[in-house]
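Feature annotation from Swiss-Prot assigns disulfide bond to Cys4-Cys20, Cys8-Cys22, Cys13-Cys27.
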Amino acid sequence: GIPCGESCVWIPCLTSAIGCSCKSKVCYRN
């Protein structure tokens with residue numbers, strides 16, 4: 001539920017390396 005400061009509209013979350021995932025076009029962590 002914490003925004004990772006990255007969008008995932010066009011590309012996947014690079015922050016997935018630290019546990020972030022794409023939700024509603026924005027990368028979130030928990």
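Positions of Cβ are set from backbone N, Cα and C atoms, glycine also.
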Cys8 (disulfide bond) falls, by DSSP collapsed to helix, strand or coil, into coil
Here the 10 Å Cβ neighbour count for Cys22 (disulfide bond) comes out at 18
The rounded CA-CA distance in Å from Cys8 (disulfide bond) to Cys20 (disulfide bond) is 11
Taking only the CA atoms, the spacing between Cys22 (disulfide bond) and Cys4 (disulfide bond), expressed in whole angstrom, is 10
Going by C-beta under 8 A and a gap of 6 or more residues, the same-chain neighbours of Cys4 (disulfide bond) are Cys13, Thr15, Ile18, Cys20, Val26, Cys27, Tyr28, Arg29
Three-class DSSP assignment, Cys13 (disulfide bond), comes back as coil
Cβ atoms other than its own within 10 Å of the Cβ of Cys27 (disulfide bond), all chains, total 21
